[in-house]
C-alpha cells in the first residue's frame, strides 16, 4: 500500500479499511486538494443495518472527520429489485410500504455516527427512489443501457457464481447493477460526488458506475472497497447464537451487542480496535501488546467503545456494568436480556430444551440438548445434566425470575408473564 498524502486515505490505510482503489494516485491527489463528496449505498431490506454495514458506516465517519462530505444513500428504488450479488436465490420482493419502514429504522443508526446539517462537510441522506422511480424506460435504455456490455457483466463474479451453479438469474436482478451504476452518475451530477465506497463484493457494481460516468461525461469517478471481514478462524462476521448482529437495539440488545465484541478472539482484537473504534492508534498498539489474561481488558474496551458508537455511551457503560456484576460479582443484574414465559405454563412445567430455544440460547432442541450434554447449561447458577428437566414456578428466585445460563458469558432472565 502506498504512502498516502491525504488524511482520509492515510487513515483508511493505517486502520485496515482498504482492499481495492480504482486509481490510488488520482484519488489521493483529489483528497489532498479539495473537499471530496463520497457515498455508500444501503438497500432497505431490513429495519436495521447489521455489523457488516458498520464497516462502511465507519468509513463515512472518518471521511467526515478528515474534512470531507459523506452521503448515506438509501436504496428505496433498488430495494424494489434486490441486490443479487453472491446470493444463491432471488430475494423476496418488498412492498413500497415495507421499504419505507425499513428506511426509517436504518436512519436511526446514522444519527449516532454522522453529523447532519447544511455545513460544507455535513452529511446528507438521499434516496435513490427520487430519481429511479421517475425514469422513462425507453429513454433509460437509449441513454444509459447502451453503455453496458452484457458480455462484460457476465464475467462479474457475482453473476458467474449463479450461472456456474445453473441457478436462475432473473432479468430483474440483472438490471440491479445497471441501476447501481446509474446512482453514481446521478450523485455526481446532483451532489458532485466523486467516490463510491463499499464491500469487496460490490467492486464490479461500483466499477460499472465509474465507467458509466466516464461514458456520460461526468468528472473522473473513483471506487474504494473494503476487505471481506472474517475472524482469524475464518468465520464470516455478523452472526451470533441469536442470529444476525443488528445495530438497532430493539432487534439486538446493547448488552448482547457488548457481549458479542467481548467474545472476540485474541488474534482479532487489534484489527477490530482499528476498524470499529475511534481510539488513537498508539492506544490501540498498547492494548494489542497486552498478553495473557490482560487481553481481556482490551476486549472489554473494544466492546464498550463499539457499543458506545452504535448505542450511545450510557448504554455501553450500562452493558459493561451488567457484565461486571454478572460475571465478577455473581449478582443478578436486572439489565440482563429478559424473556417472558406464561405463568400457567410454568406452573405445569416447561421443558428445558424448549425454554433454551425461546430464550435464544439455542437454535433448536437438538442444539440445546448438545449444550446440556456438554455441561454448558445452568439454571440459577446450578448445572443442568438432564435434558428432560422441567422448569417450574419452584425455580423462581426471590427476584421472581429464572436465570438461564449458557457457558460463562450468556445469561437470560425468564419472567412469568
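Glycine is treated like the rest: Cβ placed from N, Cα and C.
Look at Swiss-Prot and you will find 39, 176, 180 tagged as L-tyrosine binding site, backed by sequence analysis. The secondary structure of residue 176 (L-tyrosine binding site), as reduced to three states from DSSP, is helical.
Mean pLDDT for the motif ''HIGH' region' (44-53) in this predicted model: 92. Residues or ranges marked as motif ''HIGH' region' by Swiss-Prot: 44-53.
Annotation source Swiss-Prot lists motif ''KMSKS' region' at 236-240.
Taken from Swiss-Prot, the feature ATP binding site applies to 239.
Per Swiss-Prot, the feature domain 'S4 RNA-binding' maps to 350-416.
There are 27 other CB atoms within 10 A of the CB of residue 39 (L-tyrosine binding site), with all protein chains counted.
DSSP classifies residue 39 (L-tyrosine binding site) as strand under the three-state reduction.
Counting every protein chain shown, 27 other Cβ atoms lie within 10 Å of the Cβ of residue 180 (L-tyrosine binding site).
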